[in-house]
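Written out below as C-alpha cells is the structure these notes cover.
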Amino acid sequence: MARPILEVKGLTTTLAGGTITILEDVSFGLQPGEVLGVVGESGSGKSMLALSVMGLLPKAVRRTAGRIVLDGEDLAALSPDRWRERRGSDLAMIFQEPMTALNPVMRVGDQVAEVLRRQGIPAKKARQETINLFRKVEIPSPEQRVRGYPHELSGGMRQRVMIAIALAANPKVLIADEPTTALDVTVQAQILDLLRKLQKERGLSLVFITHDLGVIAEIADRVLVLYAGRVAEIAPVRKIFDNPQHPYTRALLASIPEIDRPRGRLVTIEGAVPSIGAMPKGCRYASRCPFRRDICEQESPRLGLVSSDQAAACVQPFGFEKPQEEALA
Amino acid sequence: MARFLAKRIAGAFVVLALVSLMSFAIIWLVPGDPTAAFLDTSATPEQVARLRHELGLDQPMIIQMLDWYGRILHGDLGHSILLNRSVTAAILERLPVTLSLAGVALTLALIAGVSAGIVAAVNHNRWPDQVVMTAALFGLSVPDFWLGIMLILLLAVKFDFFPTGGYVPISEDPLGWLDSIVMPAMTLAVIQVGFIARMTRASMLEVLNQDFIRTADAKGLTRTEIMLHHGLPNALVPVLTVAGIVAGALLGGAVIIEQVFSIPGVGRLIIGGILSRDYPVIQGGLLFLAVIYLGVNLAVDILYAAVDPRVRLE
Ligand SMILES: Nc1ncnc2c1ncn2[C@@H]1O[C@H](COP(=O)(O)OP(=O)(O)O)[C@@H](O)[C@H]1O
Ligand code: SF4
Ligand SMILES: [Mg+2]
C-alpha cells in the first residue's frame, strides 16, 4: 500500500476538565484518492473527529493524545498558526448545516474567492475561477449567482457553494461532515452524486461522515464505524456489509430499512449509548450487546486485526462466517 | 429595496404629521398666555384682545391649525417678535452649530464605542474586557451636564487646555472650531460610547459563535481577517439599528450641553424661547429638531439596507 495521505494515530480528546473523554484512541489511515466513510450514531464523536483533524476543536474540548499526520507531517506538533495555514490549502471541510455555514452579509462568490485570494491569485482571476468552480458544482447561471447572497439560495445550492469553497482550496484531504443530512431527500441524492462525481474526477482523498449506512454503501471505499467515541470496526466497504465483525456493525446493518425486508420488521438497536460522563470500564457497547460475556466488562477491547484489512474492537469477533440474522433476533 | 424605502418614507411622513400637530398644540398645552410675553400686567383687556387678534389667537382652533400647516409647508415657521426676525432664519443661523456638535459627538461615539466593543469581545472575560465594561458602565451612569461642568473646571479653568465655552464657526477658524467643539462633543458622546460599546460587544460575541465563523476558520483565514471580514460586518448590523436612536439622543443631549458650554445652537434658542414664552420659536425649534431626527433615521435605514442584504427583501 502507498503511504497514507492522512494518518490519525491514538487520537484522544477530552472535555477541558480532563476526566470526560469524547474520542478515545482513534486511529485510521486514508490512502490518496480513497473515500473513507465514517459512520456512527449521533453523538458518537464523528464531528469531533473531523474538527480534530482540522484543528478546529471547540474551546471546551482538548486533544490530549494522538498524532494527525498529513502527507508525512504531524499537524498536532505544529503551532496553531502553522496548522491554520494548512486549512484552506491542504485541508478543507464541508459542514452539516448549509443554512448557517455561510456569511449572510457577504456575496457567495466572494466567500469562494476569499480562499483563492489566500493562495495569491489576483482578484480578477479569482473571480473568473470562482465562476468556473460554481459551474463545476453545477450551480445554474454561475455568472449571476456569484453576486448573490446566501439568503437567496436554497439549502442544496448553499451546500454547493460550500463544496465550491472546499474545492477552491484544492485540498490534499477533504472532510465532509454529514453534508446531506440537513437537506431534502431528493436534494440529498443530488449532492451525493455531485460529491461522488467530483471525487472521481479529481481523485479526492475524502473522509465522508454520515450516520446513514445506505449513503456509505454508495460512496465509501472503506468504512470506519465509530461507537461512543471509539473505533468499533474498520474495513473495506464490502466486508462491512458482507462480513461485519463487530456486533455493533451488525446491529447497524440490521437497522437499515430495506425495501425487501418484510413490513414491520424495521430493527432498531435496543438500549442507549452510555452518556459521555458515565462510560463503562470495559467494552462501551456491552450494555446493548447480545453477545456480551463477563470479560467484556473488565477491560476495553483493543482494535485487533481480523484479517489483513479488517479490524474490530471486540473480544470475540465473528470470524469469517456469514452473519447470522437469527443471532440478532 | 424601492418598496422598503417607500415604506420608510411614508412612515416618516406620518410621524412628521403627528410631530407638527404636537408642536402646534404646545401653545394650548402650556399654561400661561402667549400674550403675556409682550404685555406687562397693567395691559388693558382691549390691548390684550388686539394682540390676540394680531397673533391670530382669536380664530377657531381648526383655522389656526390649517393656517399653521399652510405656513410650515412653505417653510415659514412664523415671526419672533422678541428676536424681531423670522424663526426660520433664526434656526438656520444656529443649525450648523448644533449639527456640528451632534455630528462630532456621533463620530466620536461610533469610533470609540465600536472599537471598545470589539476589544472587549475579542478579549472576552479577560482584563481588557473588564476594563471596557467597567468604563462603559461608568459612561452610562455619569450625568452628562455634571461631566461637562467637571471638564470645564478641570481642562478649561485649571489647565487652560480648552476654552470654558463659546463657539467659533469652522468657516472662520477651523482650529478654533475644533478647540471649541472637542470638550462639549466629548461630554455629549460619553453616554453613547458606553451604550455602543456594550451593544457592539454583545453583538460581536453572538456573531463569533455562529457557524459561518467556523467556516471562515476552516478556510485558514487569520484571526484578524475573520474579525474584519466576517465578524465585524455582521456584528455592526444591530449596532447600526441603534445609530438612529443614538443620533436622536445626541440632538436632545445637545440642548443641555449647549447651556453648559454656552454654545449658541438651536438648543439654546429653544430654551431661551421657553424662558421668554416665545411660542413661535419653541414650536419652530421643536419641529425642526424632529425633522432632522426623522431625516437621520431615514438615512440610517438606507445605510442598514446597504449593509444587510436580507433587509432589502422585505
Ligand atoms: N462544543 C462542544 N463542547 C463540548 N462537548 C461537545 C461539543 N460538541 C459536541 N460535544 C460532545 O462531544 C460528543 C460527540 O459529539 P459529536 O462529535 O458532535 O457527535 P456526532 O457528530 O457523531 O453526532 C457528544 O457527546 C457531545 O456532547
Ligand atoms: S466486546 Fe463483548 S460486549 Fe463488546 S461488542 Fe464484543 S461481545 Fe459485545
Ligand atoms: Mg456531527
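Note that Cβ sites are derived from N, Cα and C of the backbone, with glycine treated the same way.
What you see is a predicted model, and the numbers here were worked out from it, not measured in a lab.
Pulled from TrEMBL:
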type	residues	note
TRANSMEM	B:12-30	transmembrane segment
DOMAIN	B:95-304	domain 'ABC transmembrane type-1'
TRANSMEM	B:101-122	transmembrane segment
TRANSMEM	B:134-157	transmembrane segment
TRANSMEM	B:177-197	transmembrane segment
TRANSMEM	B:235-257	transmembrane segment
TRANSMEM	B:286-307	transmembrane segment
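Among residues of the same chain six or more beyond the transmembrane segment (B:177-197), those with a C-beta under 8 A of the stretch's C-beta atoms are 100-102, 104-106, 108-110, 112-114, 116-117, 120, 132, 135-140, 142, 144, 147-148, 151-152, 155-156, 162-163, 166-170, 239, 242, 246, 249-250, 253-254, 257-258, 260-261, 263. Long-range neighbours of the transmembrane segment (B:286-307) within the same chain, counting only residues 6 or more positions beyond its ends whose Cβ lies under 8 Å from a Cβ of the stretch, are 1, 4-5, 8-9, 12, 15-16, 19-20, 22-23, 26, 72, 77, 91, 95, 99, 233, 236-237, 240-241, 243-244, 247-248, 251-252, 266, 270. Only residues 6 or more beyond the boundaries of the transmembrane segment (B:101-122), in the same chain, are considered here, and those with a CB under 8 A from a CB of the stretch are 128-129, 132-133, 135-136, 181-182, 184-186, 188-189, 192-201, 203-205, 208, 227, 232, 235-236, 239, 243, 246-247, 250-251, 253-254, 257-258, 263, 265.
Sequence-distant contacts of the transmembrane segment (B:12-30) (same chain, six or more residues past either end, CB-CB distance under 8 Å): 61, 64-65, 68-69, 72, 279, 282-284, 286-287, 290-291, 294, 297-298.
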